[in-house]
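Written below as structure tokens is the structure these notes are about.
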């Protein structure tokens, strides 16, 4: 199949999977009596991020000594960069496109405590992940890696314990797509729907990766750039179509929690794996990518802390950090 055609077909499959997934994950949160914050930050974020964790693991273990580690570290650091910049930008564009059907138009109605908690955790843990790359003693790297794992477990505990009590809005859920006989689906039906949707998303993302990789190779893109830019965009960004679906329906906490929750996951457990499986020596390009991600997150954290909300303009501004990094790569400044 032609790479361009494969790209389009894969996107269609991802969109269908994302629609089924958002419906299933909302019902799962309803059955577990979780708030939108917990559903977005944990269930949706981790559910869609798990397949992507295989990329750096496989690259590090099976990709060869030098190039494998290079690709693995690039994929690990590329995900937080893409999520905090490009994914936020795309969500902001979604708000603008669907402003006519949103009750609050361009204003994002989010649970500020949820978003501030996620962004604050990301800033602390991802900073630790970057700084540990400069530590000379391997022992301290491993200690901080263990700290990052337990930090995420603590984050999950706090998120769930603080989020009991059901959804934050009073809106009636759309009928469960895989429920044909009852208005209130069984838990196994919901889990089956979520599993099927994830399979569709993985299938679409795999085709998307193949198409983008073929196009990138045709233009001679280096391995580190391919892993840092192409891989996260190809595997993570399509799955954030969930956020666009949610903002189109005014479910802003779910939409942003889906991204910020993935940022937490991708800044703690996955870098910890990189620390355990490699020597975790970060290049200048890797440091710059991490700095761009941290700056974008810091901008959002300051706004949500001071104003109590996130503006569409801020989400769009986050895309500037990705553009700056991309231009540095294109100009050969960042390698």
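Just so it is clear, glycine is given a Cβ too, placed from its N, Cα and C backbone atoms.
Please treat TrEMBL annotations as automatic predictions, because they have not gone through curation.
Positions annotated as domain 'Sodium/calcium exchanger membrane region' by TrEMBL: 5-160 (among others).
As annotated by TrEMBL, transmembrane segment applies to 6-25 (among others).
Residues or ranges marked as transmembrane segment in TrEMBL: 37-61 (among others).
Under the heading transmembrane segment, TrEMBL lists 73-98 (among others).
Beyond the transmembrane segment (119-136), the same-chain residues lying 6 or more positions past its ends with a Cβ under 8 Å from any Cβ of the stretch are 80, 84, 144-145, 147-148, 151-152, 155, 260, 263-264, 267-268, 271-272, 275, 280-282, 286-287, 290-291, 293-294, 297-298, 300-301, 304. Residues or ranges marked as transmembrane segment in TrEMBL: 119-136 (among others).
The annotation transmembrane segment is assigned in TrEMBL to 142-160 (among others).
Residues or ranges marked as transmembrane segment in TrEMBL: 190-209 (among others).
The annotation domain 'Sodium/calcium exchanger membrane region' is assigned in TrEMBL to 191-329 (among others).
The feature transmembrane segment is assigned by TrEMBL to 215-234 (among others).
Annotation comment: TrEMBL describes 255-276 (among others) as transmembrane segment. Using a Cβ-Cβ cut-off under 8 Å and counting only residues 6 or more beyond its ends in the same chain, the transmembrane segment (255-276) has close neighbours at 36-37, 39-42, 44-46, 48-49, 53, 56-57, 60, 72-73, 76-77, 79-80, 83-84, 87-88, 91, 94, 108, 110-111, 114-115, 118-119, 121-122, 125-126, 129, 132, 141-142, 144-146, 148-149, 151-152, 155, 236, 240, 242-244, 246-247, 297, 310.
Under the heading transmembrane segment, TrEMBL lists 282-302 (among others).
The transmembrane segment feature in TrEMBL is assigned to 314-334 (among others).
Nonlocal intrachain contacts for the transmembrane segment (314-334), taken as residues 6+ away from its ends with a CB within less than 8 angstroms of a stretch CB, comprise 81-82, 84-86, 88-89, 91-93, 95, 108, 225, 229, 284-285, 288-289, 292-293, 295-296, 299-300, 303. Of the two recorded stretches, the transmembrane segment (282-302) does not lie close to the transmembrane segment (6-25), with fewer than three CB pairs under 8 Å once pairs fewer than 6 apart in sequence are set aside. Residue counts for the domain 'Sodium/calcium exchanger membrane region' (191-329) under DSSP, split into helix (H, G, I), strand (E, B) and coil, are 121 helix, 0 strand, 18 coil.
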